[in-house]
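Worksheet: one structure, shown below.
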Amino acid sequence: MNVAILLAAGKGERLGEKVPKQFLEVEGRMLFEYPLKALLDSNVIDAVVIVVSRDWMDRVVEKVKHEKILGIVEGGKTRSQSVRNALKFLENIKPSYVLVHDAARPFLRKKHIEEVLKKAQETGAATLALKNSDTLIRLDDSRIEYVPREGIYRVQTPQAFSYDLLKRAHSEEKEWADDTEPVHRLGVKISVVEGDLFCFKVTFKSDLELARLIAKEWERIA
């Protein structure tokens, strides 16, 4: 069984909106509904768990009804806590693989779901990532240091792992930037699937403006 975990419990404070970004309405749908649709429509995903904050539980339960939705789980104060809550919810089910995706990345392609999951099934762990094409600098007290960009990737989601591996990686109450980091610390190689610019994370107002433009054509582009 392959289960997707959709993380939608963040506050999105950097965006400066009263409503968490994943629940902002764009072209008639809340942002989290875009990746949710891709996950529900995917032939390789058997079930979906949505992780949301307590304040939004009732509204999400009322809004999303689908036979593939396994449960709506209360999120933690951090991303890592939210993932651990979802993994705990799945303890009795023990799926073979889990695919984790950030709801703040609304434009998820079904082909990326399939490719990341397939690679994880082959190697145990995989992530979507975008090869960097920009010049990189490190700024320290107005001093600029140029960082070689060769081999530099921007890590995206979805990320997929065997359930047992991700559960073991999150066995300690630690905080991580994503889910590949604790898995990598176990000595497991992370396979990389080439992503694209559409799978960006809505963080700032300019990201939201871009999302509004893409949403108008997403059904055609996706």
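Every residue gets a Cβ built from N, Cα and C, even glycine.
Annotation comment: Swiss-Prot describes Arg14 (among others) as site 'Transition state stabilizer'.
The site 'Transition state stabilizer' feature in Swiss-Prot is assigned to Lys21 (among others); the stated evidence is sequence analysis. The 10 Å shell around the Cβ of Lys21 (site 'Transition state stabilizer') contains 28 further Cβ atoms across the protein chains shown.
For Arg149 (site 'Positions MEP for the nucleophilic attack'), applying a Cβ distance below 8 Å and a minimum sequence separation of six or more within one chain yields Asn132, Ser133, Asp134, Thr135, Leu136. According to Swiss-Prot, the feature site 'Positions MEP for the nucleophilic attack' maps to Arg149 (among others), an assignment based on sequence analysis.
For Lys201 (among others), the entry in Swiss-Prot reads site 'Positions MEP for the nucleophilic attack'. DSSP assigns Lys201 (site 'Positions MEP for the nucleophilic attack') to coil in the three-state reduction, outside any helix or strand.
Under the DSSP three-state reduction, Lys21 (site 'Transition state stabilizer') is assigned to helix. Classification of Arg149 (site 'Positions MEP for the nucleophilic attack') by DSSP places it in coil, neither helical nor stranded.
Taking the Cα atom of each, Lys201 (site 'Positions MEP for the nucleophilic attack') and Lys21 (site 'Transition state stabilizer') are about 10 angstrom apart.
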